[in-house]
């Protein structure tokens, strides 16, 4: 009793969830005393007609046969349909359908080959007073139907097979008298693969029987797997002959054990040696998540599920409505064996509506036993029909509707033969039956035409063991092949969360999923499901698991460190608001003011010898050009425009060309001043005519021509560099023509080099106010700055590169300013006594003595 109460406590939560989603719940008490288990006995149902109403007592003797409990359900479904038809005055009025049932006893000889025995043979003739059979129903073993087929054809009686659909029975040329009522499994492979995709299982095993039916299913399964990127780890084909299959058992077993697949699809003939392989796996403690069809939903003679798994089993079953009154009919027909609900549960799955528990019983373990039983047996509680039972039930109605159609076509003949036994053309009835459509009492549209049947709809069940003696079966979803692909599979989330916790689902994968930020890379000679994970390339992301290719971020975006998200790049410029921009701008202004101040000092002391001695006009020009050099550096700070970009390069080139050419003119002036004092030299006219001043003009004009060519061919423009610095968009001035830029820069360097050379030659000429040494040193500083600039400039990125360029402009300009004019300002402002011709003459006189 304790185990029973524990079982009910286990079901309490399921009642609640089932009530929410309204799927059916099933439970069963395993009957270990029944050595036959759920094995179905092969039966033949001979259908004939009889005038008038035939009571149920007429065929109650058929139930006395020695058959398994599951076979009794097949018989009950036939009798239920007969009782409903015979009592319905709208179908075959005043005509009853009668059935004679013959079940074959099965046994296995020493070679384990199937032997069939029957007590009745159907002659190929019938007497006038004898009842003739219209049609024969056979179920559920297809192999027996195949063997008996030639005999049925010889007896000229059509046969309707009501077991699970099998490809071998669809050959109309070999079996013209045979027809199958069970629908084809047209979308079973798609349904199973959809379940795999839902649980993210991509590494699957398959175990099928080695016959045409199994091979075709495997072919369809491979096709669907390929479409949905689900890979087949192994495919075992079980030989149908027991003697040969036994030799391969260990090979089958080792294949399952060695594979990393945790999910195995089982399909084929359940009467084949496939059950022995499953039993071997269980005995060795090898458990997998089995996925199969309803014919494998059975209990073995050991009292266990055929597909036993600690993780549960998924079963696909054809959708069928509930047949009301099935349980009551069984209890009415044979009440001695079905006097209690426990008897139903022992024989087959018993369904319940999963109603809520009693309000006065918050915890089931504290409930009295009477309340527990009352709660469990709350109506409705009924017997679940198997697929074969439902096929037999519909087959009876198909025969009735076919005969009724024949009667409507022969109303006159029926009226003339009133009160007599009617003769029906069995083959005409068989022809009508194969194209018939009707609605059964359960409201289900039954289409007998296999060619016009739509995709089969499936219910998905999860079966698991509870303790030792009880089984629990939950409907967790459904599959409808005719719906759009995104709506075909529907899983009851509430049921799944209770039946299977997400954390407890065994992963059936070949490789660990690639997290976001990684991409899959296939391995040579391995399935597509077996891969390695590699990081995304620079500026690429993958924001989902198992992405085949990384997605590249837009030009204005960049990938984060984990390569899972594209972030907006930051616009970066050397701005006045930045500390670096403020420092450089402040330095430029300070040096500009300093240069302007020096110019004012020179203008104020223009009559002094030190100002006059070195060509004061050239000094003024040099100071003004240096002011422009300092000011032009401000053009590099702030957001650039096209005009600013042009002014940057042109102002820089012209200002520095004027400055260097002025220094060249000053050095030439000094050199000429000493050359004309040598006797015999007639070069005074060069100084008098102001030739050095023309040097500035000529050099500047050449630079202006070069700048004009630059602007005319490929002028500078505003550019956004998105690749230079990670995560930043650098707004810079593109030089346009790089050749033109280096031509301008090279020309300026040539002028500076000429200035340095001339100054170097004149550095030792005797003169109190000779500034050749100062010019030489200033040009040495100038070259040092710009030679250092080139490698540093090309090694930096972003606004730092612009800052280096500004710094070099300021440093070189400041070098010229301080090296040339700082000593002069020192003499003018701090030692004015030395800045006089009197001092100069005194010093010169001493030199002569």
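Numbers here mean position along the shown chain, with the first residue as 1.
Just so you know, glycine gets a Cβ as well, placed from its N, Cα and C.
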Seminar exercise, completed: In TrEMBL, of the candidate ranges 543-563, 774-794, the one given as transmembrane segment runs 774-794
Problem set entry | Where TrEMBL places transmembrane segment among the ranges 501-523, 800-822 | 800-822
Problem set entry | Any contact, the transmembrane segment (617-638) to the transmembrane segment (739-762), with at least 3 Cβ pairs under 8 A | no
Problem set entry | Same-chain residue ranges lying at least 6 outside the transmembrane segment (800-822) that approach it to Cβ under 8 Å | 573-574, 580-581, 584, 587-588, 591, 594-595, 598, 619, 622-623, 626, 629-630, 632-633, 636-637, 652, 656, 659, 663, 732, 771, 774-775, 777-778, 781-782, 785-786, 788-789, 792-793
Problem set entry | Paired segments the transmembrane segment (774-794) and the transmembrane segment (650-674) in contact, 3+ CB pairs under 8 A | yes
For this session: Please give the sequence-distant neighbours of the transmembrane segment (583-605): residues at least 6 beyond its ends with Cβ less than 8 Å from one of its Cβ atoms.
Result: 574, 576, 611, 616, 619-620, 623-624, 626-627, 630-631, 633-634, 637, 803, 806-807, 810, 813-814, 817, 821, 825, 828-829, 835
Problem set entry | Outside the transmembrane segment (650-674), six or more residues from its ends: residues with CB under 8 Å to it | 614-615, 618-619, 621-622, 625-626, 628-629, 632, 635, 683, 686-687, 691-693, 695-696, 699-700, 703-704, 706-707, 711, 744-745, 747-748, 751-752, 754-755, 758-759, 761-762, 765, 767, 770-772, 775, 778-779, 782, 809, 812-813, 816, 820
